[in-house]
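J.: For reference, Swiss-Prot lists these features for the protein:
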DOMAIN    134-344  domain 'ATP-grasp'
BINDING   167-222  ATP binding site
BINDING   Asp297, Glu311  Mg(2+) 1 binding site
BINDING   Glu311, Asn313  Mg(2+) 2 binding site
Amino acid sequence: MKKNLMLIFGGVSFEHEISCKSAYSIYLALLDLNKYNIYPVYIDKCTGVWYLLDSVSDPPKPINTDVLPIVSLLPGFGIFSNNKNLEIDVVFPVVHGRTGEDGAIQGVLKVMDIPCVGAGIIGSAISSNKYFCKLLLKSFDIPLVPFIGFRQHDYFLDKEEIKKNVKEVLGYPVIVKPAVLGSSIGINVAYSENQIESFIKEALKYDLTIVIEKFIEAREIECSIIGNEKMKIFSPGEVVVQDFIFYDYDAKYSVIPGNSIIFNIPAHLETNQLLSIKEYAFLAYKNLELRGMARVDFFVEKKSGTIYLNEINTIPGFTDISMFAKMCSNDGLQFKDLVDNLIDYAFQSYINRKKRIDFEN
């Protein structure tokens, strides 16, 4: 008998459109597998209302919210639409950014007692916050580019002291980032103190916590991992960016890969670099208690060859140009089998958790 799978996408997020593209790729894989009854659920970008769709398309069909059935969640009873219990067996969330990768949806599904593809609450929440994630990774002796972080309140209290720290601790140029946002949105490179204030103000539009890092000339290496306690680390790939300062949002989604953006899979690395990248990816995945999947991004400094972990994505992109699935495919795991494996990991993780908590006996 087929399992009932809910594919959740969209979301109140700056990465809404990317989520829709990722969902379409996964939807096609699920159709090809023919193992699941698929319930696509679209989260409206403005209202956050959940709607049940018949299918997923790319480009998305116009959404008529006046006629689409709304999805409601009743803890202890199930997920309903049109007064019918959908009897969902597993959920595959592909909501990028806020509410999707920060532990929010994962928390809701844990309350609902439904298996969920990907990381749990803690791993999602920590990984999504670049500042707290870096603090934790630093405690595990994982190399990071020098950084500082601060809250909006601290900045308005003493912005001159923070600008002084940027100059003395990091030195220019630096990268200014909102702590919680993906797809390189809201990120700028400041080459002098004259630029830093405007870039901090821009980043504060997206989040209340800011991370500032030393800017280095580096290769951008990515590494895919899947699994729970036992994990598989795939051969890393490299994103070669030729017409951009770094792999920002425009480079990722506004440019057709070609002369400007080149994907090298596998990446051309020295043996010691390859082993170090896989080791750091393993340590991050393990110590942040991740499960299901992640894409771990690294910098390799061009002059010295020094490796730095950049960030971790617990719901990586699944679009046709996304590196996560491409790296898996390069090592022999085809897209539909990747999707199937991720669903299996969700069931395994759920069973392991239920073994530890049983209030009925």
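Along the chain as shown, the residues are counted starting at 1.
Using the three backbone atoms N, Cα and C, a Cβ is placed for every residue, glycine included.
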J.: I'd like the number of other C-beta atoms within 10 A of the C-beta of Gln195 (ATP binding site), please.
T.: 16
J.: Under a three-state reading of DSSP, tell me whether Asp297 (Mg(2+) 1 binding site) is helix, strand or coil.
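T.: Once the DSSP labels are grouped into three classes, Asp297 (Mg(2+) 1 binding site) ends up as strand.
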J.: Using C-alpha atoms only, work out the spacing between Glu202 (ATP binding site) and Asn313 (Mg(2+) 2 binding site) and round it to an integer in Å.
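T.: If we compare the Cα positions of Glu202 (ATP binding site) and Asn313 (Mg(2+) 2 binding site), the gap is 23 Å.
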J.: Three states by DSSP: which one describes Glu202 (ATP binding site)?
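T.: Glu202 (ATP binding site) sits in a helix per DSSP.
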J.: Could you check which of the binding-site residues (Asp297, Glu311, Asn313) sits closest to Thr209 (ATP binding site), going Cα to Cα?
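T.: When the Cα distances are compared, Glu311 comes out closest.
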J.: Which three-state DSSP class does Asn313 (Mg(2+) 2 binding site) fall into?
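T.: Looking at the DSSP assignment, Asn313 (Mg(2+) 2 binding site) belongs to a strand.
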J.: Just going by other Cβ atoms within 10 Å, which of the binding-site residues Glu202, Asp297, Glu311 has the emptiest spot?
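T.: Candidates: the binding-site residues Glu202, Asp297, Glu311. Fewest Cβ atoms within 10 Å: Glu202.
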J.: For Val174 (ATP binding site), what residues in its own chain, 6 or more apart in sequence, show a Cβ-Cβ distance under 8 Å?
T.: Val166, Val189, Ala190, Ile196, Ile212, Glu213, Lys214, Phe215
J.: Check the DSSP secondary structure of Val174 (ATP binding site), expressed as helix, strand or coil.
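T.: Strand, per DSSP.
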J.: Translate the DSSP assignment of Thr209 (ATP binding site) into the three-state scheme.
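T.: Once the DSSP labels are grouped into three classes, Thr209 (ATP binding site) ends up as strand.
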J.: Which binding-site residues from the set Lys167, Asn188, Gln195, Ile216, Asn313 come within 10 angstroms of Asp297 (Mg(2+) 1 binding site), judged by C-alpha positions?
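T.: Final answer, ordered: Asn313.
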J.: Might you list, by sequence position, any residue in that chain lying six or more from Ile216 (ATP binding site) with a Cβ less than 8 Å away from its Cβ?
T.: Val145, Phe299, Glu301, Tyr308
